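Novice: Annotations per Swiss-Prot:
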| type | residues | note |
| --- | --- | --- |
| DOMAIN | 1-51 | domain 'ClpX-type ZB' |
| BINDING | CYS10, CYS13, CYS32, CYS35 | Zn(2+) binding site |
| REGION | 50-80 | region 'Disordered' |
| BINDING | PRO144, THR145, GLY146, CYS147, GLY148, LYS149, THR150, LEU151 | ATP binding site |
Amino acid sequence: MAKFDAHLKCSFCGKSQEQVRKLIAGPGVYICDECIDLCNEILDEELIDSQGGSRQGAEPSRKAGAAQARKSTKPAPTLASIPKPQDIKAFLDQQVVGQEAAKKVMSVAVYNHYKRLAWQGDGKGETEETATRLHKSNILLIGPTGCGKTLLAQTLAEMLDVPFAVADATTLTEAGYVGEDVENILLRLLQKADMDVDLAQRGIIYIDEIDKIARKSENPSITRDVSGEGVQQALLKMLEGTVANVPPQGGRKHPYQDCIQIDTSQILFICGGAFVGLDDVVQKRMGRNAIGFMPTEGRGRGKATRDLQAAQVLRHLEPDDLVRYGLIPEFIGRMPVSAVLEPLDEHALESILTEPRDALVKQFRTLLSMDNVQLEFEPSAIEAIAQEAHRRKTGARALRGIVEELMLDLMYELPSRKDASSFTITRAMVEEHTGGKVLPLPGSERQQESA
């Protein structure tokens, strides 16, 4: 057999197999070693040119980025700059209606947390007093949907002027499974801080729906619970305080990237959840049936009554009850501060509509004032909106949906009306679920006749 086949040639330079050292075959094509070397040289030259240009262009941007980072980095809190618990609660009162016990608990916990940060970074010499290490106390909020758990955490971050990130525990899974890694929570906080690590390390993270990662039974299971107990295990070190490696582009879609290190020991974690059925666990532990907490005439009423009774039962909550519910003891130990939020009654919903700084009534008044229309709500209309929201049983979240539905026709018609300078919402409009049906529109009869 011949050593070389004269019919085989390089598809690029045309040299035969005899004229080159190596001829590599592909699907219907051939390439010689000389062409491969030439291709490598071309690629190397283009790579060097592109890197040189990027370096020249990136140098000023890097300097600008460093300057921006220095500009955005805020100094560490000092003892004098931290608001006192009473001041914190007074600020919460402006935004959150009710929940007095929860606001008091959170005010003290947040004050102690940032006082701890100031104590560690005050620059004093090492003494017997300053050598004492202060450990942080994360917060667990328990309450029905729409009672103000997220708003409490968000208002605290607004007052302290620190980055605030919200995460959903239901999307978290263990590493290696479909879903989000726990490190993505830190990435959201870092993004809120404009990638300023020092600022992010003084921020607040709120993890919602934390009750959804409770394991299905109190006893350990032989099957893998990747979104329940597994997530609790993954969150332990982050809650306690560790130096976590955070991929700036997300870890699963971009595995090959430099990670940013964040120390979580200074981040305040607030976890919230509805914990449906937890009151039954407490009653079972205390050995009392429903009669012990609810009179006979109170049983059989609506969901609002049951939620109120559940909040009263949860005042006797102990850590062992959370273990029976499905949280592992190690996780509970890292959430030493807990607060139970009560369901909102009709009176509280009326206050939410009018009293807070960003109340819904004030928001819609501002919107219509831009169209030179003065909007008013009759007290009976406010009462009717609160009653409807209470009937829907979704807390304060129902208020916006009701008002949006009520204001749809008005906000469609009034901006085009030149003769409308004021408008009043009545109870009848609320009960009919629209303001447009009772709004007299000039020319509407002529439009109907022409139609």
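Backbone N, Cα and C atoms are what each Cβ position is placed from, and that goes for glycine too.
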Novice: Please report the number of other Cβ atoms within 10 Å of the Cβ of LYS149 (ATP binding site).
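Specialist: Total other Cβ atoms inside 10 Å, all chains included: 26.
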Novice: Provide the three-state DSSP residue tally for the domain 'ClpX-type ZB' (1-51): helix first, then strand, then coil.
Specialist: 22 helix, 8 strand, 21 coil
Novice: So what pLDDT does the domain 'ClpX-type ZB' (1-51) average out to?
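Specialist: The answer is 80, the mean pLDDT of the model over that range.
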Novice: Could you say whether, by DSSP, GLY148 (ATP binding site) belongs to a helix, a strand or a coil region?
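Specialist: Reduced to three states, the DSSP call for GLY148 (ATP binding site) is coil.
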Novice: Report the same-chain neighbours of GLY146 (ATP binding site): residues 6+ apart in sequence with Cβ closer than 8 Å to its Cβ, ordered by sequence.
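Specialist: In sequence order, LEU344, THR394, GLY395, ALA396, ARG397, ALA398 meet the Cβ cut-off.
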Novice: Counting every protein chain present, what is the number of Cβ atoms, excluding its own, within 10 Å of the Cβ of PRO144 (ATP binding site)?
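Specialist: Taking all protein chains shown, PRO144 (ATP binding site) has 23 Cβ neighbours within 10 Å.
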Novice: In sequence order, which same-chain residues at least six apart have a C-beta under 8 angstroms from THR150 (ATP binding site)?
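Specialist: Residues satisfying the criterion: VAL166, TYR206, ASP208, GLY272.
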Novice: Using a 10 Å radius around each Cβ and all protein chains in view, which of these binding-site residues has the most neighbours: CYS32, CYS35?
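Specialist: Top count of Cβ atoms within 10 Å goes to CYS32.
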Novice: Would you list, in sequence order, the residues of this chain other than CYS10, CYS13, CYS32, CYS35 that have their CB within 8 A of the centroid of the site's CB atoms, where the site is the one recorded for Zn(2+)?
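Specialist: Near the Zn(2+) site, beyond CYS10, CYS13, CYS32, CYS35, sit SER11, PHE12, GLY14, LYS15, VAL20, LEU23, TYR30, ILE31, ASP33, GLU34, ILE36.
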Novice: Same chain only, sequence gap of 6 or more: which residues have a CB within under 8 Å of the CB of CYS13 (Zn(2+) binding site)?
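Specialist: Residues satisfying the criterion: CYS32, GLU34, CYS35.
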Novice: Could you list the residues of the same chain, at least six apart in sequence, whose Cβ is under 8 A from the Cβ of CYS147 (ATP binding site)?
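Specialist: Residues satisfying the criterion: GLN99, LEU341, GLU342, PRO343, LEU344, GLY395, ALA396.
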